[in-house]
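Peer 1: Below is a structure I'd like to ask you about.
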């Protein structure tokens, strides 16, 4: 019975992705009876729920048996949970119900049609309500004094703008094979702009790959610069993958068979691959979960599970249930919860997630250390990322304790909200004052992003779909090791240089190998990798990602390019046009844009036209702007996104009325260096923490780093 049901789901999923064919208009289907629509909705719910349950049981079984692959680990952290899962489930109900309806109504032998074109407005409302999509658009009164956890009511006119679990913004229309949902590269022989797309693994091999001897360290940026980029990215966006991670047809495990069946979109292996010799093998890949269709628009979009604001949601969460779990509910002091089993030299660590089958346990079975719990599910991805999460939980609790000393009459909720508000402002200041000028170049950011001029309710603050790929530029700055340094900034410990491929999901390294101080010193005193056109991504990420638990390590570059196709993102030239930049058409023009004829020739040998170059690889290949770590295209996209996140935020720290004048003056003195000083055993820090400094040059005593004076919060 289960096999038959899974087979039916597989056939249905394939049907849903059937594309609009080019040519004559479809024949008109019969009117839709309410009973037929209700039947389709009921059947869709059964199919979706069965697929979800089958997938969840399979992953749990592999985790329990210790046979989980890296894709299972990735799946665990990319799975939608709580409210996000309900939103994704609603979208799947609707997509599947529409697919069933099209199957029933389509005249035999006619071309496919769009079911939403023949449904009446009451029928569309019924479908939206029955699926759960309508619940996401409920009106509400906005009278909140503080930011909501979900980001709702930031914009009083449109309360859902920038809120969690909403569709990503589209700055350009999506481009799919079938104009609706099929990614380019799905159908063999299907052309894009007149040419076949190269395999993403082939692009990774020929453009991104480089010998380790060519690695160049960045003399101007520290590894902390790279790490803050990932931290802030996890504040802004997260597009979860489909909860159904096995091919439905006949219960096939597409990680074992490389079957291309929804939602599996495996990365194929080219001939003469330098590492994977079996061309019939693949790198598993699963599509991002869809968003609920908007109005009659059935073009696939993806959701952002996080708030779109720079609001420290990676510390506090983007869902109310998670935010409550993260708080210390044993007292009324406004504190965040911390670990009850372990400490870091007397200082707090993140609490454990307390899961029964924990993927972090697989990285060291004898250590028995589970994953940590934080505002973002990816906090245990690497110890470096965990270190920043830990740092800001400690800072919140430090602020809450100090605010209570100043205001003993404040309630626990007020202490929590005021400390959260300050931490949010800190993240905004560090990002816009210290980080972005080093990304974009100080001269350019003054000219393009400009000073803050106030809140504008007409600005759409939502994270753009393209930004979720473009901001992965930070992958090019990762060194192949995690560096840990002692109190004298020496690499004296036995595990001071750990290969990057050995630290993924290794929460045990925080507990049993010295805590976060050595990691933070390593981030401050080690230069980032410099992104160069002949050395883009280290092999620890390109060939060995999660290799410790799988026969084939994943390829992060290939995953990024496959994801851009999955999301229906337009190609390189479309984004150049969006930014008002030239659109190269031939070798000579692309050579001028890249200032590199050999690289341009490689691109055209693979893609045939610059129009088809995948946005991530095309953007990171551009020459860096003066004083920046990105080229013109990424600079344009980042400026656009970060301007929207600032000007469309009703709770921006500089907005009149959010903080008092005295409080704003006090906040201007904060720094990431000071946060390190206040919450660790480190006594000597980098003054300019994102710039490359080789100890002791550029390092000062914590006594010389300005402190935040909280007296402006007394009696507020």
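Using the three backbone atoms N, Cα and C, a Cβ is placed for every residue, glycine included.
It should be emphasised that the depicted structure is a prediction, and the values quoted were computed from it without experimental measurement.
Residues or ranges marked as signal peptide by Swiss-Prot: 1-18. Taken from Swiss-Prot, the feature N-linked glycosylation site covers 53, 114, 328, 364, 709. Annotated disulfide bond per Swiss-Prot: 142-153, 254-264, 258-282, 360-371, 579-636, 677-702, in sequence order. Per Swiss-Prot, the feature heme b binding site maps to 233, 381, 475. The active site, proton acceptor annotation in Swiss-Prot covers 234 and rests on sequence analysis. Positions annotated as Ca(2+) binding site by Swiss-Prot: 235, 307, 309, 311, 313. Among the features that Swiss-Prot reports, site 'Transition state stabilizer' is placed at 378. What Swiss-Prot lists as 3'-nitrotyrosine is 489.
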Peer 1: Could you measure between residue 53 (N-linked glycosylation site) and residue 233 (heme b binding site) for me? Cα positions, answer in whole angstrom.
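Peer 2: Checking the Cα atoms of residue 53 (N-linked glycosylation site) and residue 233 (heme b binding site) gives a distance of 30 Å.
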Peer 1: Starting from each candidate's C-beta and looking 10 angstroms out, tell me which of the recorded positions 378, 475 has the most other C-beta atoms.
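Peer 2: Most Cβ neighbours within 10 Å: 475.
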Peer 1: Measuring Cα to Cα, tell me the gap between residue 360 (disulfide bond) and residue 235 (Ca(2+) binding site) in whole angstrom.
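Peer 2: The separation of the Cα atoms works out to 22 Å.
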Peer 1: I'm trying to understand the geometry here, so how far is the Cα atom of residue 709 (N-linked glycosylation site) from the Cα atom of residue 475 (heme b binding site), in Å to the nearest whole number?
Peer 2: 36
Peer 1: What's the most sparsely packed of the binding-site residues 235, 311, 381, counting other C-beta atoms within 10 A?
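Peer 2: Minimum Cβ neighbour count within 10 Å, taken over the binding-site residues 235, 311, 381, occurs at 381.
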Peer 1: Among the recorded positions 258, 313, 381, 636, whose Cα is within 10 A of the Cα of residue 264 (disulfide bond)?
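Peer 2: Near residue 264 (disulfide bond) by Cα: 258.
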Peer 1: Using Cα coordinates, what distance in whole Å links residue 475 (heme b binding site) and residue 371 (disulfide bond)?
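Peer 2: Residue 475 (heme b binding site) to residue 371 (disulfide bond), Cα-Cα distance: 23 Å.
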Peer 1: Could you state the CA-to-CA distance between residue 579 (disulfide bond) and residue 233 (heme b binding site) to the nearest Å?
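Peer 2: Given the Cα positions, residue 579 (disulfide bond) is 22 Å from residue 233 (heme b binding site).
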Peer 1: Compare the Cα of residue 307 (Ca(2+) binding site) against each of the disulfide-bonded residues 142, 282, 702 and report the nearest.
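Peer 2: Of all the candidates listed, 142 is nearest in space.
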Peer 1: Give the sequence-ordered set of same-chain residues, not counting 235, 307, 309, 311, 313, with Cβ within 8 Å of the centre of the Cβ atoms defining the Ca(2+) site.
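Peer 2: So the extra residues in range turn out to be 151, 236, 306, 308, 310, 312, 314, 318, 424.
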Peer 1: What residue among the disulfide-bonded residues 258, 264 has the most other CB atoms lying within 10 A of its CB?
Peer 2: 264
Peer 1: Could you find out if DSSP has residue 235 (Ca(2+) binding site) as helix, strand or coil?
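Peer 2: For residue 235 (Ca(2+) binding site) - judged by DSSP and reduced to three states - the answer is helix.
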Peer 1: Select the closest residue to residue 328 (N-linked glycosylation site) from the following recorded positions, measuring between CA atoms: 234, 235, 309, 311, 313.
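Peer 2: Going through 234, 235, 309, 311, 313 one by one, the Cα closest to that of residue 328 (N-linked glycosylation site) is 313.
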Peer 1: Cα-Cα, whole number of Å: residue 313 (Ca(2+) binding site) versus the residue listed as 'active site, proton acceptor'?
Peer 2: 8
Peer 1: Using all protein chains shown, find which of the recorded positions 53, 114, 307, 313 scores highest when you count other CB atoms within 10 A of its CB.
Peer 2: 307
